[in-house]
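Structure record follows, encoded as structure tokens.
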């Protein structure tokens, strides 16, 4: 399993995600995260990767440059390593 740490305005939340599992499926049980479409087509759930990698190829909202800057659509992100993500970043776009 991969260790996921979400840095939220209310503090850090850490949990494990199995390979191939969307982090939101676990995170939504542990934190009050902003969600809307849950399909990677909007920016409500936007976060920024501090460390680690995710697969967010299902998403359509972010362009390559935004992804290179570390932005991540947490609703569709599948961790590919241990990962640390800052949540609640929609206002930055």
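Cβ coordinates are placed from backbone N, Cα and C, and glycine is handled just like the others.
Among the features that Swiss-Prot reports, domain '2Fe-2S ferredoxin-type' is placed at 2-91.
Sequence-distant contacts of residue 45 ([2Fe-2S] cluster binding site), defined by Cβ-Cβ distance under 8 angstroms and a gap of at least six in the same chain, are 24, 33, 34, 35, 36, 38, 73, 74, 75, 87, 90. Under the heading [2Fe-2S] cluster binding site, Swiss-Prot lists 37, 42, 45, 75.
Residues 37, 42, 45, 75 make up the record's [2Fe-2S] cluster site, and a Cβ search at 8 Å around their centroid adds 35, 36, 38, 39, 40, 41, 43, 44, 61, 73, 76 from the same chain. Per DSSP, the secondary structure of the domain '2Fe-2S ferredoxin-type' (2-91) breaks down as 15 helix, 31 strand, 44 coil.
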